[in-house]
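The structure under discussion appears below in the form of structure tokens.
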Amino acid sequence: MSPTSPLTSTPTTTDVLVLGADLAGAGPANLLIRDGVFADPADARPDAVRVDAYGLVALPGLVDLHTHLREPGREDAETVTTGTAAAARGGYTAVLAMANTSPVTDTAEAAEHLLDVGRATGTAQVVPIGAVSKGLAGEELAELGLMARSPAQTRVFSDDGRCVADARLMRRALEYVRAFDGVIAQHAQDPRLAGPDACCDEGPVSGRLGLPGWPAVAEAGIVARDVGLAELTRSRLHVCHVSTAETVDVLRWAKARGIAVTAEVTPHHLLLTVDELLGYDPTFKVNPPLRSAEDVAAVREALTDGTIDVVATDHAPHARHDKEHAFVDAAPGMLGLETALAVVVETMVRPGTLGWREVATRMSSVPAHIARLGGQGRPLAVGEPANLTLVDPTRRATVDRAASVSLSRNNPWHGRDLPDPVVATWWAGRATYGR
Amino acid sequence: MRHLLSAADLDAAETTGILDLAEEMALVQGRPVKKLPALRGRTVVNLFFEDSTRTRSSFELAGKWLSADTINISAKGSSVSKGESLRDTVLTVASMGVDALVIRHMASGAPLQAARWFAELGLGVHVVNAGDGTHEHPTQALLDAFTLRRHFRASQPDAGRDDHQPFAGRRIAVVGDITHSRVARSNVELLTTLGAGVVLVAPPTLLPAGVDTWPVEVRDDLDRVLGEVDAVMMLRVQRERMSGGYFPTPREYTVGYGLTRARLGLLRPGTAICHPGPMNRGLEISADAADSAGSLILDQVAAGVSVRMSVLYLLLGGADESGAVR
């Protein structure tokens, strides 16, 4: 398909017949998109738009559990419009929008507002994440129940960026959300142990560069505490952006014990190491920080064996001026939506570690299930919502940050040769990206 | 040499060249009229984001004695406090047509980042790192090496020791808060490049992560080290660290790691005592030690100007094509 593909202008009332795509590793088949759902290909109308997908892989639309859309409050960095355009370009049909906006998504009204903006301007489903605590202050519970019962139907709650450090508050949050099948998504970072300026994996690199260290145990220690609280409360815990081998060990233990914990890893923690910081380039400042090669190997292994359940982007767009400070003062975070699948292909699929079925699981169906999104992450089957990502498993390209559709340019992959897999995306039968 | 950002960027020959030229510059210090015309018409800006007295005035004197136009900008409490990014601040200053920016910043890596931004924009400004966070302070290490080299040549002319390799076989102890010390990091780089052995002495709380990968020996018993070294470099205990839980009390620190009067007796004759200043007398160093015959602390201060003259001269092309000083 060319960049001038008619897909993006295809009206949803027209049949789209996708021919010969490999259905997430299950072998080639045809798919018919009609009225927002998959219909029987045998019923395709003669005037159906036909898409030659031989040699391509069909995945259920990807679901990102961890996106920063920056709207409201920092529309100079990203908006719902640009963020979901980046999502569609990356093969996503749904994104869960983190609560640390300005104002914070800590009320039903704020969640509903974001839902409305998403419906009006988004090219992917926008699902608000609710804050755990009022104003992310870590002191009092936000209106978790009201957000859950609002039209936004919030099920994921997180103070991301600010660990819920108070053990008692964390316990109450876990207990409380059990009433509506919610999940607490924790950014695990012991604030006292890591320190306020922590920005570099604590080890030889932080010691040499003189950057404040962020020890692995500051993550694993909180996760150990939280899985204990999840067991105590019989509630669901989700661990955001796992970055260390120590955390993987704790998760493995907790899962073996039957505790209801899930976990995510970001693309950048699957590929980049702390050595990227040697030039003090704030593009590579992220929280949690890039870790050692041993940690990278551990999170890859954990994603392979299911100890880590999903890949989530932690897409964190920043205006240029927020990155143009000394490393320790620069805003943490990097773009992720457009390149996540590329990195997963590079690190997990090409080496033969994960098959396409597992990619569909870890990037679509399981994230949708964790967030309790009924209409996402579904099988590519007749009657299911037509959320579809077409993938070319062989194509590669040099990443160019200028080509991003995100408003921001903090792209850690700029200039790097990576897979360029996403060919087209449909969300609820609507073509949202095509090249 | 385009910039001086890190002692790690200097090899032994470059370092020796800087120190040798500093010896020539030191002659200027002794003259009634302390002025060389070498950098006439060149502009050096001391851009200090962090308070400093000795480093800033040392750079200022160095520039002035080389006839450069030298100005000081204290960025603390100016545009930075109004929310300007570091990139905008350094580009604003650099765009005024200056030849060299001497940058001190409380954040590690800031001068290196500035140099990268200048390179991206094709600006030919030279950057000198005058201390960045807890990363490096390369001119401090150079002036320490200058001072020690003079001392070793003058006071310990061991039989058979090659005067051209005055650091070979020497052992130098660096004592105190290694974790937060840019002086320690630069000295480790430079002294080991010159062939010296470095012994770091500190409580475990003040040793940086990964120190076991450094080319140094790490010890925690100062008493056992003092008799084994040719020089002891005491590091300042920063007041703000005292409440950080790095050690229980100042008294306990002094007992464990201070160069007390009693410990002076453990030093071998001729052992040099250094301190980058400002000193906390009675904490990491006693008055007896600071003022003792072995103390090189004032020599270090004097060497600072010579070494910085040498660095500015080399960066700004004060030498003619033959390398001779004009």
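One-based numbering along the chain as shown.
Cβ atoms here come from the backbone N, Cα and C positions, even for glycine.
Here TrEMBL flags B:Arg54, B:Thr55, B:Arg104, B:His137, B:Gln140, B:Gly277, B:Pro278 as carbamoyl phosphate binding site. Look at B:His137 (carbamoyl phosphate binding site): DSSP puts it in coil. Long-range C-beta contacts of B:His137 (carbamoyl phosphate binding site), restricted to its own chain and to partners at least six residues apart, with a cutoff below 8 Å, comprise B:Thr55, B:Asn129, B:Ala130, B:Gly131, B:Arg182, B:Val183, B:Arg185, B:Ser186, B:Pro276.
Secondary structure from DSSP puts B:Arg182 (L-aspartate binding site) in a helix. Within 10 Å of the Cβ of B:Arg182 (L-aspartate binding site) there are 22 other Cβ atoms, across all protein chains. The L-aspartate binding site annotation in TrEMBL covers B:Lys82, B:Arg182, B:Arg236.
Annotation comment: TrEMBL describes B:2-149 as domain 'Aspartate/ornithine carbamoyltransferase carbamoyl-P binding'.
Under the heading domain 'Aspartate/ornithine carbamoyltransferase Asp/Orn-binding', TrEMBL lists B:169-315. Confidence over the domain 'Aspartate/ornithine carbamoyltransferase Asp/Orn-binding' (B:169-315), given as mean pLDDT on the 0 to 100 scale, stands at 96.
Using a CB-CB cutoff of under 8 Å against chain A, the binding-site residues that qualify from B:Thr55, B:Arg182, B:Gly277, B:Pro278 are B:Arg182. Each residue in B:Ser52, B:Ser58, B:Ala130, B:Gly131, B:Val183, B:Pro276, B:Gly304 lies on the same chain as B:Arg54, B:Thr55, B:Arg104, B:His137, B:Gln140, B:Gly277, B:Pro278 and has a C-beta within 8 Å of the C-beta centroid of that carbamoyl phosphate site, without being one of the site residues.
In this structure the residues listed as binding carbamoyl phosphate are B:Arg54, B:Thr55, B:Arg104, B:His137, B:Gln140, B:Gly277, B:Pro278; their two most distant Cα atoms lie 16 Å apart. Of all the Cβ atoms in the protein chains shown, 9 others lie within 10 Å of the Cβ of B:Pro278 (carbamoyl phosphate binding site). The DSSP secondary structure for B:Pro278 (carbamoyl phosphate binding site) is coil. The binding-site residues under consideration are B:Arg54, B:Arg104, B:Arg236. Their Cβ neighbour counts within 10 Å are lowest for B:Arg54. The secondary structure of B:Arg236 (L-aspartate binding site), as reduced to three states from DSSP, is coil rather than helix or strand. Across the domain 'Aspartate/ornithine carbamoyltransferase carbamoyl-P binding' (B:2-149), DSSP classifies residues as 70 helix, 27 strand, 51 coil. Separating the Cα atoms of B:Gly277 (carbamoyl phosphate binding site) and B:Arg236 (L-aspartate binding site) is a whole-number distance of 7 Å.
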